[in-house]
Amino acid sequence: MDFLDIVSSMLLLAGVFFGFSGAVGLFRFPDFFTRVHAASVTDSIAAILIIGGLLLQTSFDLNTAKLVFILLFLLVTSPTASHALAKSARHGGLLTLAESSSQDKQESAK
Amino acid sequence: MLEQHLAALPIILPLIAAPIALILGRTVLSWGFATLVSGLAFILSWQLLSAALSEGVISYAVGGWAPPWGIELRVDAANAFVLLAVTAISTLVLVYSKESIEKEVKVANHALFYTAHLLCLAGLSGILITGDAFNLFVFLEISSLATYTLVSLASDRRCLTAAFRYLVMGTIGATFILIGVGLLYMKTGTLNMMDLAVRIDAYDSSRTINTGLAFIMVGVSIKLALFPLHMWLPPAYTHAPSAVTAFLASTATKVAVYVMIRFIFTVFGIDHVFVDMGMGLILMVLAVVAIFKCSYMATVQSNVKTILAYSSVAQIGYMILGLSLVSVAGLMASMIHIFNHALMKGALFMAVGAVFYRVGSVDIKAFAGLGRKMPLTMAAFTIAGLSIIGVPLTAGFVSKWYLVTAALEQGNWIVAALVLIGSLFAIIYIGRVLEAAYFQKLPESRKSENIKEVSWLMLVPMWVIVIANIYFGIDTSLTTEAASSASEWLFQTNNMLENSALENNVSEANVQEVSS
Amino acid sequence: MAEFIDLVLLAMLALTALRIIFLKDLFAVVMLFGIYSFLSALIFVNLDAVDVAFTEASVGAGISTVLMLVTLAMTGRKEKQSTHSTLLPLFVVLVTGAALIYGTLDMPPFGHPDNPVHQHVAPRYIEESPKEVGLPNMVTSVLASYRGFDTLGETVVVFSALIGVLSLLGVRRKKKKDLESGLETHSVLHVVSKIIIPLVILFALYVQFHGDFGPGGGFQAGVIAAAAFILYALVLGLPKAFAVVGPKFLQWMASFGVLLYASVGLYSMYKGGHFLDYNKLAADPIAGQHYGIIIIELGVGITVFAVMLNIFYAFGSQAERSNVQ
Amino acid sequence: MSFIFDYYNYWIVVFLMMAGFYIVISANNLVKKIVGLNIFQTSVFMLYISMGKVTGGTAPIVVEGVTQYSNPLPHVLILTAIVVGVATTAVGLSLIVRIKQAYGTVEENEFENKDDAI
């Protein structure tokens, strides 16, 4: 096994780990905003790691360029999508966990 | 040059005309253009029929690629005959639709209506002419999408749910056909119908082929509204604009019947379908039930369009009945009835549309006293109605005559008797409308309304079809010649295929002997 | 390995389908359908159908899902409890399924090179098409040349869909100008979409003209280009998008694409060949095939782009109107 | 065992088709019906693509040194069918929008009650 192969498979494994932990977070976190947070942050790092791992498998040809483009595209779009999601949730009146619990307290104090 | 491309032109012409009609945009322009194109298609299909009658089969390789690699268009007496009926009705309905549509469809949608009509015509011609099983699916979808659009153009909200139900059923049917074609392709490796036919015989009793046959049959049965898969038809025909109903009732289901005939006779072979799979009995029972159940349903409706829609399902039963007799005479009766029924239903729905144009309702009560007020329209309705019943000297009599003769030829007295009893129901449901029109008085409340005869633009196409009903009831030479050569041709191909399949088997056996 | 991936993906598909049956939240149903489409696109890649995967991902998971979401915005996201009996549908489905399983028992085994499918018509496409048509991508050769008539039909199907949607929904400009449309307060979205949209259009052009050599072609390119404009309309609002390409212009474009395709056929008839016989377009048959395929793919791309965008306009303006009320 | 490996692909595809078909005919909500129709059709596409696969083959794009290609014909057919599918979906959905406007509901049993029979 080549040195590059070992590095690349480690990157891939790390990427899979982050992707998987993001998915777990998506299921286990308590409210919308923490879930978006888990999914978006881990998504970006997973994309970098996985595409980085794949880049090492190419032989610097057209495929390398395509992968770099995909990476750039993902780095721009996926945080934007999370931002848009969170913002429209906010716009729709959804409260974070802290806000809603403090609101509950105020209501119970009354 | 024209002669060389005769087989392709009836499809290409309306296909190209549809986007142009959309660009024209204005009501009158797109109407005139669509009518002109449809008329040209009619002339072409007339020439095509005479060419097919004299030359036999006309094969046209699209793109210059020989079948089975390219798509083949294949014209014979049978599909040229149905095509003639489709283009003729389409042209007459287009002439008729100008005023009818002005009343029933929003002005903004007129150009879209004519575009959709042309697309539907192109789709139906494509289904008839193509010789490629998958290409048939594509044209089926063109015509179906155009049909859903046409049905949903009416102003009553119920047309929307009718169109939606039609869309769901139609798509299920098309998907079933897709599955069936896929299974056949999987076993044979080809999509060309003639090639399929030759190769299917090598796999005669394969379970995959039989399943494919079953799926295609069910899919086509949905499209042709064979009982009990007809549930989409009555609401769609009732709530569509009148001109659309007149067009669809006399063409769309007939084309689907032809597709069934084509698959049975030229792809699978009679022995396979009727002897090995026993489809004959299933079809015959379904046809008889359709005739009685739906004729009965027709007698208890109050909406005249619904009455005629149920009558259509019953009449489709007659066509399938002729088919299921498995004889040249039975098939010929089916072919004649496809043609004649197009004439009857076209005239009836046009007359009903004319009543709607003046009275604004097609309830049976609205017909009261119309015999005096709209004499020409009601006379047209009467003659076409007599034709449905099967009174001598009308086209309907000819088809019933051939059907009964075909049944008697096989000594099948029961079927012959059932056909005649079925006609009694037609007397009841047509009679109810006629009774209202001629023997009831116009209600006092409507005396003040100005109900009068419709204009010649609606009357002329209506009466052309009515006269055709009488003409083909007296002079049967054209219909019988075309239908008999069509059905003989279908049986011939079937036999030819079986022979060639035998030869193939023999030659394959020889090869195996040599190799072993 | 390929079989293993296949098995896992199919299992995921089965789970998705089962979940869709029982879910009552339509929003989730539609998102799951998008996932279903993506998963099937992955399966298509795994089964070597790259062109199909591309189309499924852009059409099934992209356009269809977007249209369903817009519809949900107007019709509500909860499915009500059905009063229908589920026994009859279950019976019908079981019978149909049993018939299909019965049919599979005589099927040729999966992936076997000796299957009839690989023996009869296809070998000519695989062996001869690079010479006869001169393109490395056999799918494009078969699609555009051998079965060019199917593709014309398919373009017309797309066109008919436009006719249907226009007659049902229509595209009318709004009268109220002050209505807040688009996502005007989202400055991040504005900046990002300004960067992304030109790139997406560039990519669409690449897919359009690279379809002869790799996966791609008119359909995928048309859908991707439409997606770029849909993004624009979503971020900046329909009126601004109408100012770029208006609905009336798109109608003409859709018609023009179909006519462009058909005119290639007519020209080859004029040149003495059959309809869509590209060999006759130039002195050298291979060059003729090239010209023919480039032009008809362009026609397909134009029609698909115009139709998809116009359908989105129709749904979008309908949604805005229902919001106003 | 090889019997199962030869056919498991087809069997799962049949299951998926029937799941879609079941949604179409049992769903009461029209949007869900359309989703079901799409699942039904997508699964049929998988049936076609499965039969085009050759084990050990590659995508049907000419590459130096490759001799075994998968069958391009099913791919072409399914490209066509996908586009047909989205066309039907678009028309179906716009019908749903109009039904909602006309009846105020998209549940089949609710608008059926709002009109007389037929």
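Any Cβ shown, glycine's included, is placed from N, Cα and C.
Residues or ranges marked as domain 'MrpA C-terminal/MbhD' in TrEMBL: C:11-75. Positions annotated as domain 'MrpA C-terminal/MbhE' by TrEMBL: C:115-174. Among the features that TrEMBL reports, domain 'Na+/H+ antiporter MnhB subunit-related protein' is placed at C:188-309. Residues or ranges marked as transmembrane segment by TrEMBL: C:6-22, C:29-47, C:53-74, C:86-105, C:152-171, C:191-209, C:221-238, C:250-270, C:290-315.
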Please give the average pLDDT for the domain 'Na+/H+ antiporter MnhB subunit-related protein' (C:188-309) in this predicted model. 89
Ranked first among C:6-22, C:29-47, C:290-315 for CB pairs under 8 angstroms with the transmembrane segment (C:191-209): C:290-315
Is the transmembrane segment (C:6-22) close to the transmembrane segment (C:53-74), in the sense of at least 3 CB pairs under 8 angstroms with a sequence gap of 6 or more? no
Which sequence positions outside the transmembrane segment (C:290-315), separated from its termini by at least 6 residues, show Cβ-Cβ distances below 8 Å to it? 63, 66-67, 70-71, 133-135, 140-141, 144-145, 148, 151-152, 154-155, 158-159, 161-162, 165-166, 169-171, 204, 208-209, 211-212, 217-219, 221-223, 225-226, 229-230, 233, 238, 241-242, 245, 247, 250-251, 253-254, 256-261, 264, 268, 276, 278, 281-282
Count the residues of the domain 'MrpA C-terminal/MbhE' (C:115-174) that DSSP assigns to helix (H, G, I), to strand (E, B) and to coil, and report the three numbers in that order. 45 helix, 1 strand, 14 coil
